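Enquirer: The following block contains the structure, expressed as structure tokens.
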């Protein structure tokens, strides 16, 4: 079976740490690269990341370090940083020697900025000729870290790369599907967080479960609309039914463990929404992506009513 011999994960937050734990289930040489020296020592010696994952025990052989000088030696590098940090992260890794010899798996959701584009397209500028794939699925970080059942989609224009990555992370309890439609998977990964805000708002206003289910249907239509702008869904629409699109969408919209759904719910029940928005300091990827998507709607004259409605709550005039 064709596999990567070693795997690096860049990003020591909840999702990055859980992806490192997932990778370590099938690979004996996995290293988590992060900035916080104290958390790195904690993972090394106690096999926990209390700040982000509570007391969940991580695999015994998982390594952690802040020393980026060795990251270039890893065949597969998983990028798990917030969307706003993507460009700076790739530029930093380039100064430490990563090149087209490394395969990059993007686990960051959202859009690259200035200009607004897909992360896979930004990588063509920042790191030309690199092998690139994208990861998405219904994956709450704490459940991944506990090695509970889950699934994901892996997309790459080179389907052999997607298959090779799948060989490293698939198991009886973590299933994967592969696709060459890297566009649709990225668009869905960015938009689902905005739709989750709407789901939380609907929950707060007691719209009922029928409305929340209808939201999923309408959200898929808007994913299709924007995906086609970027050249997605050229061959068929099968990817819409996979873990990385409808699976991730349903989880993000229905789980109060989702930061975006919880943000929408708290906004919905707030008596002073303007004050709430001003004082809310936690990172909400849907909020970050919203302005970028609104610019795309204007640029391409798109009809995406859910996005527009969320904007009326989150970015009131």
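Cβ atoms here come from the backbone N, Cα and C positions, even for glycine.
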Enquirer: Swiss-Prot has 109, 137, 248, 258, 259, 260 binding sn-glycerol 3-phosphate. Which one of 47, 51, 57, 192 is in the same site?
Expert: 192
Enquirer: Within 10 angstroms of the C-beta of residue 141 (NADPH binding site), what count of other C-beta atoms is obtained when all protein chains are considered?
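Expert: Its Cβ shell of radius 10 Å holds 21 other Cβ atoms.
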Enquirer: Calculate the distance in Å between the alpha carbons (Cα) of residue 258 (sn-glycerol 3-phosphate binding site) and residue 141 (NADPH binding site), and round it to a whole number.
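Expert: If we compare the Cα positions of residue 258 (sn-glycerol 3-phosphate binding site) and residue 141 (NADPH binding site), the gap is 10 Å.
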Enquirer: Taking DSSP three-state, what's residue 258 (sn-glycerol 3-phosphate binding site) in: helix, strand or coil?
Expert: coil
Enquirer: Enter the number of other CB atoms within 10 angstroms of the CB of residue 109 (NADPH binding site).
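Expert: Counting Cβ neighbours of residue 109 (NADPH binding site) within 10 Å gives 26.
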